[in-house]
Amino acid sequence: MSISNTTVFMPSEFTLIGIPGLESVQCWIGIPYCAMYLMAVIGNSLLLIIITSERSFHQPMYIFLGMLGVTDIALSTSIVPKMLGIFWFHVPEIHFDCCLLQMWLIHTLQCTESGILLAMALDCYVAICYPLRHAAIFSHHLVTQIAAVVTLRAAILVAPCPVLIKLRLQFYQTTVISHSYCEHMAVVKLAAENIRVSKIYGLFVAFTVAGLDIVLITLSYIQIFITVFRLPQKEARLKAFNTCVAHICVFLQFYFLGFFSFFAHRFGSHIPPYIHILLSSTYLLVLPFLNPLIYGAKTKHIRAHMVKIFCSKSLL
């Protein structure tokens, strides 16, 4: 592939333009984004405080929920400060290595969240289908191992993405990224060289992580529903189904919006850029914002503990 004279060799920094086509109203878009970020941090922090402070919550389901909260806080924090810097303070520049680090953090945390959702589905499957063996199967040792595997899987699989960019892509057509954060394909598309290896590896990671997790989660819930509908009492069926409702809501949000963003980057040339970028940015903030609300509302013990905390504070 020929390199033109207008290309940039190993740029020291990139420029993030935010949301293409909506630059004039980005200052207003930043307000709900900032509100969602603050609510996400507060909500997930409150969940973590409840889970860590109460021994009754030291169970696999709540431990995985705590891991989800930590991941959500880290994911939103890796995006929002720089995004608000672009929207409010007109600081679009980001150092090349910082851009790659942000890219690695975002995609690693997304893969980690996918793994946690799978672990929560498997925990729900064992709790409903094999209730008498649940405590023996999901021991604290196994939960620790799952946490380590989920985190390492994400970090190791995503690591080659920024490494391939750093080592293989030296010439760039432009240093302007039409995005509000450093997304893998948004950066790769700037290169003036052959990007086939990076594109193929990105697809490999997506289908290895999300593809496998979706299949296993779907199979788990099919088996859960079969078991639930076989229960003789209606009350028992409703109670078992209600246990999984929150997780199903999060599962559908995470993968539906995630795959929209993923395929839009690769095959959505007909989608207006501002719609794609707006939805992609919102996607990474809505889940950390909604997860504490969904689990807080649908999980009886957490809801009761939150009410207890706020009632005791109001009495003071």
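Glycine is no exception: its Cβ is also placed from the backbone N, Cα and C atoms.
Lifted from TrEMBL, the feature list:
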DOMAIN    43-295  domain 'G-protein coupled receptors family 1 profile'
TRANSMEM  30-50  transmembrane segment
TRANSMEM  62-84  transmembrane segment
TRANSMEM  104-130  transmembrane segment
TRANSMEM  142-165  transmembrane segment
TRANSMEM  200-228  transmembrane segment
TRANSMEM  240-262  transmembrane segment
TRANSMEM  274-296  transmembrane segment
The transmembrane segment (104-130) touching the transmembrane segment (240-262) per 3+ Cβ pairs under 8 Å rule: yes
Distal contacts, the transmembrane segment (274-296) - CB-CB under 8 A, six or more residues away: 18-22, 29, 33, 36-37, 39-40, 43-44, 46-47, 65, 68-69, 72-73, 75-76, 79-80, 83, 106, 113, 178-181, 183, 246, 249-250, 253-254, 257-258, 260-261, 264-265, 268, 302-303, 306
Paired segments the transmembrane segment (142-165) and the transmembrane segment (30-50) in contact, 3+ CB pairs under 8 A: no
Non-local residues, at least 6 beyond the ends, that sit with Cβ under 8 Å of the transmembrane segment (200-228): 107, 111, 114-115, 117-118, 121-122, 124-125, 128-129, 153-154, 157-158, 160-161, 164, 184-185, 188, 237, 240-241, 244, 248, 251, 255, 258-259, 262, 266
Beyond the flanks of the transmembrane segment (104-130) by 6 or more, those residues with Cβ under 8 Å of it: 60-61, 64-65, 67-68, 71-72, 74-75, 78-79, 137-138, 146, 149-151, 153-155, 157-159, 161-162, 181-184, 205, 209-210, 213, 216-217, 220-221, 223-224, 227-228, 240, 243-244, 247, 250-251, 254-255, 258, 284, 287
Integer mean pLDDT for the domain 'G-protein coupled receptors family 1 profile' (43-295): 88
